[in-house]
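Heads up: the structure comes next, in structure tokens.
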Amino acid sequence: ADMSKVRGRRERCGGPPSVAVVHGSGTPCDPAQPGRATHSGILDDLSLMSVSEQQTLLTRPRRRNPNPDLTFTPPRGSSQAGADVHGGSSGCVPSPGTPLSGPVSRAPPRSSPRGALHTIGRLVKLGRLRNVVVLAGAGISTASGIPDFRTPGTGLYANLAKYNLPYPEAVFDVDFFSDDPRPFYSLAKELYPGRHRPNYVHYFIRVLHQKGLLLRMYSQNIDGLEKMCGIPEDKLVEAHGTFASASCHLCYTAFPAEEAKKAIMSDGVPTCSFCSATVKPNVVFFGEDLPEKYFQHARDFPRADLLMIMGTSLQIEPFASLVNTVRSTVPRLLLNRHAVGPFERKPLRRRDYMELGDLVDSVSRLARILGWHAEIQDLLNSQEGGTLPAMMSDPQSGEGEQMDQQQSSSLGAEAQARRPAQSSSGGPVPSCSSEESDSSEPDGRNPVTSVPSIYGRLV
Ligand code: CNA
């Protein structure tokens, strides 16, 4: 793929021409993996456990949406985002009126002791999963008190009603922002780092790193909690930008992030000293480039041996399509309140596992299976006491940067995020690709060769 043409963009869910809700298993690459027969054999055996779980899922009666009002009417000319989590089969494009996310009254979560968590836990304990990629969304931060987007009633979109947005995603539309930045600033006040603390789920991911198992965390979140809990910068891709830097939305002149924050928190409007247009924190808006770091996925995903998907509705592209870029032999574990993306498919793809329910609950059960629970509790206690231990970027070798709590917390104020890169002429700099330098993986595995749909999205 010619990565220089890629411009990452957030998709307005379901709206043509940017319809990009992920359905189906999508296993674009599955090269044979020489020398991995043992791994495959174990996976084959263990996958039987999830088959029985799938049967349970298939026979469980599904409740219809008890509140048809909890629906999102898309902007004119677009079809409905999201997926019919009540029983739609794979490959469908949901019809208008389908709820954006499942109401809390969905079928009760499964907690079979021999289910997804035990399967994955066992593989980890066997040492079979050493390159875990985590894909995360707003759901990992709800336990920290930050609402997600789409949960009816509590979601941030629902709270923006007072601004009479033409459609909820307009809050991230740069043209809309240009006319009226207040809805986004209102959201920003809620999400600015500093008001909230990492929770059990964040620390679970940190421990995953401490154990040397985290290949990379790709997060859609802009709350900065991943860095605050000590996940090193080189292990983290903040795919939708952050509040850690700011710039003019028109001419991209950099603006001091702290000044922008101060103005926004006191209901002011920071303006560019160069062109007087409105300043925007470098959170990625629809149609804007994703950070260059995001394109690291071309190297990471072929190396992943477990994909953990947590707390996301998988409705924003190109992020959502990442789930389809691991090899088909790679287990994918969804931890969420309800099935999303390819996990709506029935039966599940072989080696797809999901545990539905509250994330903290699911993650703490997985942590107990792995024997990590006490360690995570200690980290949470240290956070409370302000004595969070240092974190290394490479815990196995002992090398890498040390990070104490103060550093990790203050990272939110540093320029970690990328706004769309600009050339000297003011135009966007082409996104860089790591593919060329990565034609052969160090561990000898085949890289992903077929190209997922995200590469076709040119803006
Ligand atoms: P979303 O569309 O709101 O989906 C969140 C998902 O998490 C839904 O499927 C929920 O059911 C699920 N969920 C929420 N709470 C829990 C819980 N406690 N246990 C289990 N599941 C839960 O949000 P996405 O992340 O998918 O959408 C991507 C957007 C959201 C990104 O662009 C972010 O910038 C944006 N966002 C970020 C934050 C944040 O930084 N904390 C908050 C709100 C929105």
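Just so it is clear, glycine is given a Cβ too, placed from its N, Cα and C backbone atoms.
Summarising the annotation, TrEMBL assigns active site, proton acceptor to His240.
Summarising the annotation, TrEMBL assigns Zn(2+) binding site to Cys248, Cys251, Cys272, Cys275. In the three-state DSSP assignment, the secondary structure recorded for Cys275 (Zn(2+) binding site) is coil. Sequence-distant neighbours of Cys275 (Zn(2+) binding site) (same chain, 6+ apart, CB under 8 A from its CB) are Cys248, Leu250, Cys251, Thr253.
Under the heading compositional bias 'Basic residues', TrEMBL lists 1-10.
What TrEMBL records for 101-116 (among others) is compositional bias 'Low complexity'.
As annotated by TrEMBL, compositional bias 'Low complexity' applies to 423-434 (among others).
Summarising the annotation, TrEMBL assigns domain 'Deacetylase sirtuin-type' to 110-373.
Residues annotated as region 'Disordered' in TrEMBL: 1-116 (among others).
Per TrEMBL, region 'Disordered' is recorded for 383-459 (among others).
Taken as a whole, the domain 'Deacetylase sirtuin-type' (110-373) shows an average pLDDT of 93 in this prediction. Comparing the binding-site residues Cys248, Cys251, Cys272 on other C-beta atoms within 10 angstroms of each C-beta gives the minimum for Cys251. Over all protein chains present, the Cβ of His240 (active site, proton acceptor) has 24 other Cβ atoms lying within 10 Å.
Under the three-state DSSP scheme, His240 (active site, proton acceptor) falls in the coil class.
Annotation note: Cys248 (Zn(2+) binding site) sits in a strand segment as assigned by DSSP. Among the recorded positions His240, Cys248, Cys251, Cys272, Cys275, residues whose Cβ is positioned under 6 Å from ligand 1 are identified as His240.
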